[in-house]
Amino acid sequence: MKINNLPNIFTAALPVLERLENGGFEAYFVGGAVRDLLLNRHIHDVDIATSAYPEEVKELFQKTIDTGIKHGTVTVLYGDSSYEITTFRTESGYQDYRRPDHVTFVQNLDADLKRRDFTINALAMNLRGEIIDLFDGLNDLKNRLIKAVGNPEQRFHEDALRMMRAVRFMSQLKFKLEDKTKQAVKDHHQLLKKISVERIRDEFVKMGIGPHSRQAFQTFLDTNLSEDVPDFAGKSDLLAVYPKLKFNPTEETSFWSVIIILLKIQDTQINKFMRDWKNSNAMTEAVEKIVTLFDLFSERIPTDYELFKAGKTVLLNTIDVAHILGQPIDSEALVDRYMALPIKSSSELAIDGRFLIKQGIEPGPKLGKMLNTIKEKVIAGELENNEEAIGAFVAKQD
Ligand SMILES: Nc1ccn([C@@H]2O[C@H](COP(=O)(O)OP(=O)(O)OP(=O)(O)O)[C@@H](O)[C@H]2O)c(=O)n1
C-alpha cells in the first residue's frame, strides 16, 4: 500500500528521513502517526525509527536534544518542528514513568516492530509513502480490532500498561478488543500492580474522555483490570453503572466526578481518592467543587449565593455531570439565574473594606462579617450594588 498525498505534518518531516537515508541509514515513520494517518485522525506528532545510533543521528543534524540517549532517543529540531528519532530497539520493564528499564538495540525494522504493542501501532511508512505491514495491522484497522503483536502474554509482560492502553484505544478509536488479546488481559490483569499510578491514570483518563468510553469501561470491568487500579477493588457492582450511563464524559473533571459519584465516595474522602490516583491539586479542587454542588442539586434548588460561590465553570461542569448521569435538572433555569446575578465575583462589589472603614466600621472580624452580609444581600437582590445604597444600609446597622 502506498499513500500518495501525505499531510503536511509528514511532508515537513521528509527531509529528515532523506538525510538519514543519505547518511546510509534506514528511517521510517512509526507508531501512532501512521495509524492515525490511515484512520484519517488528527496527528499531533510524528515519530521516526532508524537504524542509526543516537550519536550518528546527532552527527547528521545541527540542532538536537538528548531526550533519552540510553533508550535510543534523540530529538531533532528541524524547520518549525521537533522529531523524536529512536534507534531500532526492543525493550522490557516499564515499571517507572514513561521510559523502559532495559533497552536492546536491534538490527532492523522488523525486530523493532515485533516488540510493539498492537498490530495497528506496528505499522511503518517510508519516505515514499509505502506502508510496511508485517503483522496484518492494515486488516485490523479495517476490522477495527485492537490485537496484540504476536503473543499477547509476552507483550503484556514486557509492559503491563499495554492492557490499559488496549481499553484506551477501544474508547478513542471505537475499536473492539480481539478475543485472544482480551483473554490475555483477563489472565494477566494483576501485572498492572507493578505499574506506576501516573501511567495508569493517563491511560484511564484518555479512556474516560474518549468517544466510546462506556464500551471500553465495560471491557475494563469484564477483564478485571478494575481490580488492580487505586480504590476500585471490590467495587465492580458500583462501577457497572458506568457502561449504562446516558452520555460519555468529554472533560476530565466530569469523568472523575462521575466516577466519584458512582463509587459513593464521601465528600471528606474525595481528596484522598484523587491523591491515590496522583491527581494534581487543581484537578482535585475542581472535582471536589463539582461533586459538592451535584450533591446539593440532588437535595434542593441552590440559593443565588450558592450559585455565586460555585461560579460559572463549576456550575456548567456540574450540569454536564448531571446530564451524563441522567439526573433530571432544570439546567436552563439554573444558568439563567446565574446569568442574572447582580454580581458574579467579589471584585464586582461596588464597595470594599476601605469604604466600610470610612463609614466608621473598625477593621477586624466585624468588618469582615459586614462585608459578607453586604455581598449576600446584593446577590440576593435585597440591596442595590452602589455606594449610596450600601452606605445607607451600613448606617442603619449601628
Ligand atoms: N507501552 C507501549 C507504548 C508504546 N508502544 C509503541 O510506541 C508507539 C508510540 O507510543 P505513544 O506515543 O505512547 O502512543 P501512540 O500510539 O503514538 O498514541 P497517542 O500518540 O495517541 O497517545 C506506539 O504506537 C507503539 O508502537 C508500545 O509498543 N508499547
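Using N, Cα and C of the backbone, Cβ positions are placed for all residues, glycine too.
Record check: TrEMBL places G32, R35, D159, R162, R165, R168 at the CTP site, and the matching candidate among R89, R116, R214 is R116.
For the domain 'CCA-adding enzyme C-terminal' (248-394), the DSSP-based tally of helix, strand and coil residues reads 103 helix, 0 strand, 44 coil. Burial estimate for the binding-site residues (R116, R165): highest at R116, by number of other CB atoms within 10 Å.
In this structure, of the binding-site residues R35, R162, R168, the smallest number of CB atoms within 10 A of the CB marks R35. If you take the C-beta of D47 (Mg(2+) binding site) and look for same-chain residues 6 or more apart in sequence within under 8 angstroms, you find F29, V30, G31, G32, A33, Y83, E84, I85, T86. The DSSP breakdown of the domain 'tRNA nucleotidyltransferase/poly(A) polymerase RNA and SrmB- binding' (175-228) into helical (H, G, I), extended (E, B) and coil residues amounts to 42 helix, 2 strand, 10 coil. Secondary structure from DSSP puts R165 (CTP binding site) in a helix.
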